[in-house]
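Trainee: Quick paste from Swiss-Prot:
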ACT_SITE  CYS9  active site, nucleophile
ACT_SITE  ARG15  active site
ACT_SITE  ASP128  active site, proton donor
Amino acid sequence: MTYRVCFVCTGNICRSPMAEAVFRARVEDAGLGHLVEADSAGTGGWHEGEGADPRTEAVLADHGYGLDHAARQFQQSWFSRLDLVVALDAGHLRALRRLAPTERDAAKVRLLRSYDPAVAGGDLDVPDPYYGGRDGFEECLEMVEAASTGLLAAVREQVEGRAA
């Protein structure tokens, strides 16, 4: 049974596609590609059908990550097929939990940086790099990479628990 993760930011052109690309690479490197699917979406549909921001694509490519992406808006009906919904900041977390049709679905929503032990008790938001320069995208990637290690460990535990 496939474990499904969806990363969510505002417009699905910067942070969430970056998190999706990094996490997919981690999943493949861990040999879990046949068991875990990663996807992304935005809380809004302003960029629906567009590719990722060119700065996101450039930073990912410079760090060896691939990305084939078309932006889309998160839909309430997706909760039923997802195991984990990963929000990139507290605003997304609140919006997604409000959208969740059940308490069980709301419990599926977590902040990405909550998986990074280095920020325990600190600011768990991944800042939106959209209005800044390349440095903001590099910083975003660093945060995503740091949290992806803990996220992979948590997902691996869930996947192995299902197999037991």
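Glycine residues also receive a Cβ, built from the backbone N, Cα and C atoms like all the rest.
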Trainee: Quick one: give me the count of other CB atoms within 10 A of the CB of CYS9 (active site, nucleophile).
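Mentor: The answer is 30.
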Trainee: Only counting partners 6 or more residues apart, tell me which same-chain residues put their Cβ under 8 Å from the Cβ of ARG15 (active site).
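Mentor: For ARG15 (active site), the qualifying residues are PHE7, CYS9, LEU88, VAL126, ASP128, PRO129, CYS140, VAL144.
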Trainee: Specify the count of other C-beta atoms within 10 Å of the C-beta of the residue listed as 'active site, proton donor'.
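Mentor: Here the count is 17.
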Trainee: Does DSSP put the residue listed as 'active site' in a helix, in a strand, or in coil?
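Mentor: Reduced to three states, the DSSP call for the residue listed as 'active site' is helix.
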